[in-house]
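Feature list (source: TrEMBL):
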- 62-416: domain 'Aminoacyl-transfer RNA synthetases class-II family profile' (DOMAIN)
- Asp131, Leu132, Thr133, Arg158, Gln174, Asp178, Arg327, Tyr331, Tyr332: L-histidine binding site (BINDING)
Amino acid sequence: MPPLGLLHMRAWASLFSRLLRPRGVVCIREVHFHSQVSEAVLTSQLKPQHEKSNFIIKTPKGTRDLSPQQMVVREKILDMVIGCFKRHGAKRLDTPAFELKEMLTEKYGEDSGLIYDLKDQGGELLSLRYDLTVPFARYLAMNKVKKMKRYHVGKVWRRESPTIVQGRYREFCQCDFDIAGQFDPMIPDAECLKIMCEILSGLQLGDFLIKVNDRRILDGMLAVCGVPESKFHAICSSIDKLDKISWNDVRHEMVAKKGLAPEVADRIGDYIQCHGGVSLVEEMFQDSRLSQNKQAIEGLGDLKLLFEYLTLFGIAEKISFDLSLARGLDYYTGVIYEAVLLQTPAQAEESLNVGSVAAGGRYDGLVGMFDPKGHKVPCVGLSIGVERIFAIVEQRMKTSGQKIRTTETQVFVATPQKNFLHERLKLISELWDAGIKAELLYKNNPKLLTQLHYCEHTGIPLAVIIGEQELKEGVIKLRSVASREEVAIKRENLVAEIQKRLSES
């Protein structure tokens, strides 16, 4: 292909020749030149296609496909979680997968750098949603909703280093439950903790503990330890890493990276080792330093009331007041909580270190950040870590060798004879119309053995068999796939007999 400068010269020459040439006269050289240019452009466009021999087909980093077997397990988990949300009176809500970038900024503290920004496609700066909480707050403010109990199941995106084996991804599903509105203290908060307990108990993941703290207690603790108020969020973010790294590493980060005095870090270290029940709340009321902080006293008062309600719900033994719990997100203002699985040493060797499996807290100021007049709507909520729970359940199923049915087919329509496709189609249509889940092979003349093997392989419990003899006698053979027992049923009674057997199984 000629150099770019030569192309420009030829283009100008072509233009002048057109202007000077009589209409209708075509220059052969010009046609030849344009042909060469078109061919060169086409070749350059096609060339990358030939260079794709080393192209690797894969999903983007931090994402994955879910197989039919995995989807069955996932749906069971989600059905159980959503069933609990509905039992507590929540309405379902959905919001866009992406938001205006300005809606998400300054809501997540240090984690704001993990937000996925989208390329500008038409004048709006957009970002993929980081969680379901901020979009919910935006929805409340935009629609002037003052009270709402809602649940939301949807995907969120975070640009962090994924740890796939621990159920941590860049694209993952969240299941949120939130109560918005002005109510008496700690009643909605206690219900959120009750919901957490119901879900984790229902999923049979093993013994668990829910750590509870309050951001006011945390801020009060930082203040009495000598942390400047300007560093509160930064130090909270460091404390929040205690479930991932040791105290020594956290202390080093506070001192070396965030400029905290060593003696201040040591005072924080004394507090964050404390954990217990309502007795620890009483003990902190008597603490010489903490009892002098108004914020901390307010938080301790609410926690005392919370434990009272948790005792009435029968779940107080599952809750631990833990001063090391920080929850790094900036929008939390009151009670915060996080659920972790407890494991015996033997279980710890076999299972995954997935961290928390559910978390949440109170965020009374978030809606006001979206409202033009700053009107606040107090909110409290929780999020279930579906991906982490799924990772645990999936590994347990692999260990046990448990087989999973990927379809819900109840009946298979079969024939032992050729040229019976029309009869099979009529029969399966009757079953579908009666609400029965049914299948057949997409062949004109399938072998009976092939059809029965398909039933056994896919776990279909019943087969209906139609042939010349059955057609003549007005009956259908109903076969139990597991026992291989067959019985002739009158055609008009077939649907009722199938429904009876399915209800008994």
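Here the Cβ of each residue, glycine as well, is placed from N, Cα and C on the backbone.
Whatever TrEMBL says is automated annotation, not expert-curated.
Annotated features taken from TrEMBL, shown on the structure.
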residue : record                   : CB count, 10 Å
Asp131  : L-histidine binding site : 20
Thr133  : L-histidine binding site : 26
Gln174  : L-histidine binding site : 18
Arg327  : L-histidine binding site : 22
Tyr332  : L-histidine binding site : 24
For L-histidine, with binders Asp131, Leu132, Thr133, Arg158, Gln174, Asp178, Arg327, Tyr331, Tyr332, what's the maximum Cα separation in whole Å?
21
